Amino acid sequence: MRVVNIGPDPSLAYRPILDLEQKDKDKTEYRNFESGSLIDRVYNTYKLMHTNQTLDFVKQKHSEWSGCAHAQMEVMEAVISLDQLVDESDPDVDFPNSYHAFQTAEGIRREHPHEDWFQLVGLIHDIGKIMALSGEPQWAVVGDTFPVGCRFQNGIVFRGSTFVDNPDDKNPAYNSECGIYKPNCGLDNVLMSWGHDEYLYRVMKFNKCTLPEEGLYMIRFHSFYPWHSHGDYMHLCDDKDMRMIPWVREFNKFDLYTKTTELPDIEKLKPYYQSLIDKYCPGVLKW
């Protein structure tokens with residue numbers, strides 16, 4: 001397997017226009033997986049993820065979590081619970097994930113004032129990380145996602161050094177380009193590494209939340225950087241995936257580049273976002 005150098009992410013090309021006061025750092029500093037004060041923590045998280053995320057593991061987690069029988073809470077409760085979580089896979093920030101939720105939502109609100117569902121996706125996209133507050137290790141919750149059951153492609157961060165102990169990487173049934181899948185089968189039919197994306201998508205579907213298809217798709221695949229930012233795994237995509245990738249890329253701009261040390265006034269913003277929650281995913285949900 002050819003080792004590639006993973007540095008600043010190609011998704012830099014999809015950067016939104018941010019207010020001047022938000023520009024805490026240059027765009028080339030985002031998603032730097034080569035250096036920085038958090039790099040050891042980030043690398044160790046991905047090493048555990050890439051060692052343990054196998055096809056069998058993913059199937060096990062689907063069985064454990066897709067029934068949404070672990071907790072009952074309102075969406076805003078889940079958002080605020082992320083006060084307790086600092087994402088150990090993120091090289092850009094070292095503050096609680098709840099702030100990132102409101103930063104992302106407000107960035108979308110400025111650029112897309114008429115798409116309230118899009119703003120809500122910005123708020124809730126990471127709340128599947130509550131799994132980490134229920135005992136799941138962060139390597140099974142956070143970070144970039146990738147398909148299992150087929151060859152791990154070079155766009156995966158740290159691809160060259162972190163899969164050496166993953167048994168699927170040595171399994172002939174799984175290490176061809178398509179593996180267990182058919183060409184152009186569609187990402188709906190691909191098993192992704194387990195994490196907060198797939199979990200929250202399952203929660204939204206289980207509770208019959210009324211976000212549009214584009215919003216659900218953003219939730220499900222926003223961490224699939226090898227695909228939406230590096231161009232890998234296109235051979236598994238169908239027409240729906242190609243229609244949806246511009247939406248995922250548009251969301252990605254705000255997920256990445258609203259991460260600043262200027263933290264929002266959450267109490268001031270809560271009433272507006274609660275109104276969106278009440279519209280699209282009201283009441284107590286099952287998780």
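Every residue gets a Cβ built from N, Cα and C, even glycine.
What TrEMBL says about a protein is an automatic prediction, not a curated fact.
The annotation substrate binding site is assigned in TrEMBL to Arg31, Asp87, Glu88, Ser89, Lys129, Gly143, Asp144, His222, Ser223. Under the heading Fe cation binding site, TrEMBL lists His100, His125, Asp126, His196, His222, Asp255. Taken from TrEMBL, the feature phosphoserine applies to Ser35.
Annotated features, which come from TrEMBL, shown on the structure.
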residue	record	Cβ contacts under 8 Å, 6 or more apart
Glu88	substrate binding site	Arg41, Val42, Thr45, Gln138, Val142
His125	Fe cation binding site	Ala101, Thr104, Leu200, Met218, Ile219, His222, Phe251, Asp255
Asp126	Fe cation binding site	Leu82, Asp87, Asn97, His100, Ala101, His196, Leu200
Lys129	substrate binding site	Leu82, Leu85, Asp87, Asn97, Val141, Val142, His196
Asp144	substrate binding site	Ser89, Ile156, Val157, Ser223, Phe224, Tyr225, Pro226
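All chains included, 27 other C-beta atoms sit within 10 angstroms of the C-beta of Ser223 (substrate binding site). When each of the binding-site residues His196, His222 is scored by how many other Cβ atoms sit within 10 Å of its Cβ, His222 comes out lowest. Summarising the environment of Asp255 (Fe cation binding site), the number of other Cβ atoms within 10 Å of its Cβ, over all protein chains shown, is 22. Take the mean position of the Cβ atoms of His100, His125, Asp126, His196, His222, Asp255, the recorded Fe cation site; other residues of that chain with a Cβ within 8 Å of it are Ala101, Thr104, Asp197, Ser223.
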